Amino acid sequence: MATTGRVLLLSPPSLSSHPEKLNTVLKSHTRDKTDLQMLDRLAHGLVSLPESTYDIVLLLTGADNTLAETHSLLNRELIQRVVHSLRPAGKLRNRENKPWGLSDGNGNNANSSRRYNDDEQRFRNEVILAGLVFDDKGELLKPDIGAQQAIPLKLGRRRKEKEKTDTLASSANYITNGTVDAPASNGISAPIPAAKTTENNPVPPGVGFIDFSDDFGMPAEDDLEDSDEELIDEDELLDEDDMGRQIVQPPECRPKPGKRRRACKDCSCGLSQKLEAKDKAQRATADKALETMKLGSSELAEVDFTVQGKVGSCGNCSLGDAFRCDGCPYIGLPAFKQGEEVRLLNNDVQL
């Protein structure tokens, strides 16, 4: 089977122990245009394939004259590398040159097992995912996409054409032979030279203009009336029955046993407002209770800081905490003279 383009032979590892079969395959191809690679070395990444090089990639059968071993080694990554090595319009063939996915004309093969059929079907799906297509003869072909071309999108074409038509129609009434008839102060129209075009005044390099009239493909206002798209009124989404339903508290907002109820972040069930109102009420009650305990500037109060029934025994009670014992009833009070009366005036200790 002689070929004119470059050919890549992919051999399973079992064929290396049968050199006579491998030599038979090599004799049918031009040696200077044929490359031979072992599938196991490709699968382990020991060798690489050049991109867009081969016109034909030929899968060889194993020692059992089937493609079972070849299909088992061709995983998705390896198939993609093989497809990338094909040139545009290149073909992927097998040794028997049979249509892919078919064992024979009746769909049966005496030498193939159930596992072989599954691998064959998997291989067929993978090569399609890799970008190959079937031609009229049932061969796998890499499509020639060709050079990609940028296609300009004409946005707001109808609106621009309408504005252009209106502009030309209005300018035809005023512009004649390159002049514009403008009314003078005495009521007589005087010709005024028309504005110079961009051909006479080219745009300086690096200067751009923004076209604010471009609607970027949005339909014009006149087309909105003819549009079949219906606008939804958000006020009609909920009726009175929906508004009157009881709000179901989410499980994460429910307090755990023995803990205070806390509102979650971005609370929408009303618990946050309820807790804030409760805290304000408690704060107002506490402030009101503190108001009754405040003393005026002219009011005096006598407070006995000593513990009832407890008397100091160290004799240093009036010297301060540094000299007092642990059980002293005057701990926390400043030093004082024995027998001096202690008074509180506006929360200041007066000795």
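Placement of Cβ uses the backbone N, Cα and C atoms for every residue, glycine included.
Per Swiss-Prot, the feature region 'Disordered' maps to 93-118.
Here Swiss-Prot flags 105-114 as compositional bias 'Polar residues'.
When secondary structure is read from DSSP and collapsed to three states, CYS264 ([2Fe-2S] cluster binding site) falls in the coil class. Summarising the annotation, Swiss-Prot assigns [2Fe-2S] cluster binding site to CYS253, CYS264, CYS267, CYS269 and lists sequence analysis as the type of evidence.
What Swiss-Prot lists as motif 'Cx2C motif 1' is 314-317, and the listing cites sequence analysis.
Annotated motif 'Cx2C motif 2' per Swiss-Prot: 325-328, in sequence order.
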Note = Across the motif 'Cx2C motif 1' (314-317) the predicted model averages a pLDDT of 72
Note = Excluding its own, the Cβ atoms lying within 10 Å of the Cβ of CYS269 ([2Fe-2S] cluster binding site) add up to 14
Inquiry  = Would you identify which of the binding-site residues CYS264, CYS267 has the most other C-beta atoms lying within 10 angstroms of its C-beta?
reply    = CYS267
